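What TrEMBL records for this protein:
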type	residues	note
DOMAIN	495-574	domain 'STAS'
TRANSMEM	49-73	transmembrane segment
TRANSMEM	85-110	transmembrane segment
TRANSMEM	122-144	transmembrane segment
TRANSMEM	151-175	transmembrane segment
TRANSMEM	195-214	transmembrane segment
TRANSMEM	235-257	transmembrane segment
TRANSMEM	302-319	transmembrane segment
TRANSMEM	340-358	transmembrane segment
TRANSMEM	378-398	transmembrane segment
TRANSMEM	405-426	transmembrane segment
TRANSMEM	438-465	transmembrane segment
Amino acid sequence: MEEHERRLNNRRKNASRSCKELSKKMIRKRLPIFSWLPTYKLPDLTSDIIAGITVGLTVVPQSMAYAAIAGLSPEYGLYSSYIGCFLYVILGSCKQVTIGPTAVMGLLTFETCGNDFPSCAILTGFYSGIFELLMAVLQLGWVVSFISESVVIGFTSAAACTIIASQIKNLLGIAGPKGSGFVGYWYSIFRDISTIRFGDCCMGITSFVLVLLLRKLKDYKHPKSPRKKFIDTACWFISVSRNVIIIVITSFIAFLWTNPPFKLTGNVKGGFPTIDVPSFGLPMNSTISDGDDGLKLTYWETWSLIGAGPLIVALISVLQNVAISKAFGSGQTIDATQEMFALGTASIVGSFFSSIPISGSFSRSAVNEASGVRSPMGGLFTGILVLLSLGFLTPSFYYIPKSSLAAVIIAAVMFMVEYEALPVMWKVNKLDAVFCLVTYVCALMFGMEYGIMVGVATSLAVLLIKLLRPQLNAQIYTDEYLKVKYVHAKPDSGISFPSVDHVRTSITKLLRKHQDVNIIAVNFERWQTFDYTAITALISLAKLFKKDEKVLIFVNLTPEWEDALTAAGLSDILCCADIELLDYIRKTGAIGGITNKSNNYCVGDDEELMIITKKCQKDFQNSLEYGATNGVLLPSIESTKPLMLNVALDKDH
């Protein structure tokens with residue numbers, strides 16, 4: 001009795017220990033901070049502080065610019081730039097990723113909500129976070145795999161072109177409404193081109209050129225000297241801080257100028273945002289805030305207004321984050337589910353702080369990597385710098401010229417147009433180039449959400465067609481030994497119930513097309529899986545061949561295929577390996593009564609042809625020499641290995 005109780009206690013202890021280990025493993029997986037924090041040291045903290053401040057100098061001007069892309073005032077970009085940084089410290093799985101507003105997220109937000117509609121942008125961010133969390137709970141990281149790289153390149157290139165078009169008016173100081181969409185932007189530019197302002201034009205173009213020159217400064221390498229390292233580091237730091245440098249210089253010029261000849265950003269709301277639940281019933285008039293008295297849309301009317309915007313935002317956000325993690329993850333396995341969880345949490349929590357939709361940023365993540373970040377802790381100092389800007393620097397934002405802000409945006413997104421990838425796609429796979437162009441054109445003409453949907457739908461449709469209609473790659477060969485013709489068909493993909501009809505029809509067409517050929521060999525090398533529909537289709541095909549007194553040979557048939565065909569009622573299977581195929585051709589040809597011209601004998605229908613390995617290798621190869629078929633010399637059978645046929649042929653064959 002005591003022994004029994006002791007065993008029970010041991011089992012309870014083992015079960016308790018297993019539960020604790022499983023819980024610890026799950027906590028480390030979903031809260032990655034517990035994986036790297038125990039080994040965190042002072043040198044890591046120093047590197048993270050430097051990287052965090054460097055990224056912060058980039059994110060402050062960028063976030064204000066991206067808020068303008070979303071059709072909102074600059075403070076909303078700052079509101080969106082610190083919550084994600086703080087939460088990613090705890091939930092992030094890649095140290096280089098920085099979470100915040102991006103150009104693509106701003107554009108998608110604008111296309112969902114329109115101009116000057118902050119409550120809609122905040123609600124879109126909330127719902128996109130819900131979708132991201134739902135995808136994480138259901139572990140739908142594989143969904144991102146359906147968006148091919150060619151579609152992503154087409155989408156991001158179209159987004160960059162649309163963003164550039166949206167900023168041309170601010171760059172040149174052109175008055176009037178800027179329209180909507182790529183076509184609408186350019187139409188409004190040419191319509192109002194006569195209102196161009198010389199001061200804005202000079203400021204914008206000068207800022208744009210200076211940003212590009214400072215961007216190239218990071219590639220400068222000083223000749224060998226005692227100060228080489230210091231000068232190279234200084235050039236790199238100036239280059240990565242180019243946006244804030246241009247904004248500071250142009251703002252200082254505007255501050256000194258009593259009546260500047262260019263437009264200024266104007267008042268930027270200072271201080272921290274109010275913490276509140278997003279409004280689930282949007283105001284009918286976008287200019288009315290949630291606190292004002294006014295008519296509001298119902299819950300379902302609000303959903304009708306935002307449409308599929310949050311879902312598109314969620315998918316693109318996750319795609320960007322996973323892509324950045326793969327690019328900077330040094331080959332490590334990326335947990336797409338964890339990235340969804342981190343993004344979803346940041347988006348939902350951020351919406352309570354007036355954050356618009358956010359995602360990982362390629363440019364800021366690259367700066368983070370180049371700055372020597374050691375852990376996600378760098379995001380903490382980036383977020384602190386943004387908060388300091390909100391608390392103390394917003395009065396100075398009044399003097400930022402709109403044209404210089406537009407120049408910063410254009411210089412940042414113009415390199416997202418990956419035109420150099422298109423010729424490579426065309427050489428590698430022309431369909432990829434087609435998918436890229438279709439996505440690009442549709443996104444420009446009809447909107448970003450339609451572009452990505454059409455691109456994904458087109459690529460999936462072509463993939464489905466390939467599965468439905470695999471190519472057989474059939475070739476006719478002639479055995480010079482018996483003068484027997486046969487067709488060898490090698491499908492380029494597997495068989496399953498959607499492609500069964502096409503495969504069956506293709507083989508039947510071969511049978512009808514080559515009336516003088518009595519033997520068709522089908523290679524199963526790529527048919528590793530099967531289902532009931534495929535089995536029944538092959539059985540009906542075998543019966544058709546038997547009825548027409550023709551021979552169907554299955555090459556490289558796996559034991560699983562043999563068992564399945566036998567279980568379904570096909571008992572007289574002709575199957576062989578690649579090396580045995582020609583001997584099968586000769587056996588079936590000889591049984592059919594074809595004269596063996598080399599040895600001058602004929603085998604009757606009732607006799608079984610036995611091919612016996614000869615003692616002399618030379619004699620064996622002379623008697624069973626493989627003839628040249630279609631200009632290709634087939635390999636010989638090994639003389640030391642006797643040929644064993646898998647099945648006996650009946651009179652029907």
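The first residue you see is number 1, and the count goes up from there.
For all residues, glycine too, the Cβ spot is worked out from N, Cα and C.
TrEMBL labels come from automatic prediction, so no person has curated them.
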Taking only the residues in the domain 'STAS' (495-574), give me the average pLDDT of this model.
76
May I ask you to check whether the transmembrane segment (405-426) and the transmembrane segment (302-319) make contact, with contact taken as at least three Cβ pairs under 8 Å and only pairs 6 or more apart in sequence counted?
no
Positions on the same chain near the transmembrane segment (85-110), where near means CB under 8 A and six or more residues out:
30-33, 55, 59, 62-63, 66-71, 77, 121, 124-125, 156, 159-160, 162-163, 166, 309, 312-313, 316-317, 320-321, 324-325, 328-329, 334-335, 338-339, 341-343, 345-346, 349, 356-361, 364-366, 368-369, 373-380, 382-383, 386, 409, 412-413, 416, 448-449
Ranking 49-73, 151-175, 235-257, 340-358 by Cβ pairs under 8 Å to the transmembrane segment (378-398), which is first?
49-73
Is it true that the transmembrane segment (302-319) and the transmembrane segment (122-144) have 3 or more CB pairs under 8 Å, sequence gap of 6 or more?
yes
Using a Cβ cut-off of under 8 Å, list the residues of the same chain at least 6 residues beyond the transmembrane segment (340-358) that approach it.
30, 67, 70, 72, 76-77, 79-80, 83-84, 87-88, 91-93, 99-102, 105-106, 108-109, 118, 121-126, 128-136, 140-141, 273-278, 313-314, 317-318, 321
